[in-house]
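Q: Supplied in structure tokens, the structure appears directly below.
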Amino acid sequence: MFDSIRHSIRETNTPFSRVTGIAALVVACSTIVDAITAKDANALLYALVATGIALGFAGFTFSRGASLHPAVGLIGVLILAATLCVLIIAAESPMLVTNNFLLIPMVAVYLGWFYPTRIATAAFLLLMLLVTIAVALNPFESIWTVYTNVFLVSAFSLFSSGFLQRQLNTLAATDVLTGALNRRGFERVSTMEVARATRLGEPLTLAVIDFDNFKEINDSHGHAAGDQELVDAVTAWRSVLRPYDWISRTGGDEFVLLLAGITENEATATINRLRESHRSSWSAGVVSLIPGEDVQSALRRADALLYANKKPNEA
């Protein structure tokens with residue numbers, strides 16, 4: 001039975017939904033400890049209610065799986081903030097307050113990893129504001145020192161986890177050899193640029209580039225020479241292109257340029273300048289996206305032009 005449950009969670013949940021659910025279970029475990037160590041009926045009641053909320057939230061999260069909306073995680077943070085406030089105000093000793101503080105760095109890492117910097121920072125500051133009010137209402141003055149240290153550690157956790165996530169996203173979208181976008185990066189950027197061009201009513205042009213006789217370079221001079229040829233070409237192209245133009249390596253010696261805000265004729269002129277920037281020989285197919293056309297359709301049209309142009313270049 002438990003194996004089937006684990007399999008179901010693994011198959012239907014995303015990393016976001018799994019981590020959100022596990023975080024709720026961690027909170028539930030913490031409040032169970034509070035319930036076990038409670039010394040009066042009110043503290044026990046608060047801890048049991050908090051445990052029920054955390055378990056219910058975890059169950060909801062796992063049941064939603066891949067369809068879990070990011071807003072649910074933020075709602076969970078707000079629920080946790082309210083719960084922490086009640087538990088901190090009702091705490092019978094500084095130790096119980098400290099135990100509740102220990103959940104805050106976990107929340108900071110969660111926010112920094114899964115949410116954009118502005119949203120994560122705003123949610124974290126709101127959490128800390130509510131906790132600050134709760135600490136002020138708690139009679140134990142000694143907890144302010146612990147609170148300050150928890151705030152500093154949590155702030156570090158928030159920004160370091162966000163930084164690491166952005167770095168991983170960049171590495172996952174970057175071609176290791178040339179520093180250009182890889183296929184995954186191209187898919188993400190092209191989606192963004194198509195949406196932008198549609199919203200602003202601007203042209204969006206792409207160029208598919210394929211090196212001529214590249215196999216001969218590898219066969220005659222070795223793969224290291226071929227790799228260097230690609231690196232040098234991309235470096236030269238960057239010196240010509242605008243800062244917001246995109247270079248993507250989508251295959252061995254095949255690249256796609258994404259040029260926003262220029263027409264097909266203007267892009268062709270840009271391609272000619274790229275040819276002058278580096279000694280390598282390559283063929284290109286240039287097309288502007290037709291309104292309503294998706295990127296894959298435009299790529300097929302550009303590929304057809306590329307290979308029509310490639311034949312005379314390799315003759």
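For all residues, glycine too, the Cβ spot is worked out from N, Cα and C.
In case it helps, TrEMBL gives these features for our protein:
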- 202-315: domain 'GGDEF' (DOMAIN)
- 21-38: transmembrane segment (TRANSMEM)
- 44-62: transmembrane segment (TRANSMEM)
- 71-91: transmembrane segment (TRANSMEM)
- 97-115: transmembrane segment (TRANSMEM)
- 122-140: transmembrane segment (TRANSMEM)
- 146-164: transmembrane segment (TRANSMEM)
Q: Using Cβ atoms only, state whether the transmembrane segment (21-38) and the transmembrane segment (146-164) have three or more pairs under 8 Å that are 6 or more apart in sequence.
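A: By the criterion, they do not touch.
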Q: Who are the long-range neighbours of the transmembrane segment (71-91) in its own chain, taking Cβ under 8 Å and residues 6 or more past its ends?
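A: Same-chain contacts beyond the ends: 16, 20, 23-24, 27, 31, 34, 42-43, 46-47, 50, 53-54, 57, 60-61, 64, 97, 100, 103-104, 107, 110-111, 114-115, 119, 123, 126-127, 130-131, 133-135, 137-138, 140.
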Q: Kindly report the helix/strand/coil residue split of the domain 'GGDEF' (202-315) according to DSSP, in that order.
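A: Computed counts for the domain 'GGDEF' (202-315) are 60 helix, 26 strand, 28 coil.
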Q: State, in range form, which of 44-62, 97-115, 122-140 has the highest count of Cβ pairs under 8 Å to the transmembrane segment (146-164).
A: 97-115
Q: Could you pull out which residues elsewhere in the chain have a CB under 8 Å from any CB of the transmembrane segment (122-140), counting only those six or more residues past its ends?
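A: Contacts of the transmembrane segment (122-140) (Cβ under 8 Å, skipping residues fewer than 6 from its ends): 74, 77-78, 80-82, 84-86, 88-89, 91, 93-94, 97, 101, 104, 107-108, 111, 115, 147, 151, 154-155, 158.
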Q: Who are the long-range neighbours of the transmembrane segment (44-62) in its own chain, taking Cβ under 8 Å and residues 6 or more past its ends?
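A: Same-chain residues near the transmembrane segment (44-62) but 6 or more away: 9, 13, 17-18, 20-22, 24-25, 27-28, 31-32, 34-35, 38, 68, 72, 76, 79, 83, 86-87, 90.
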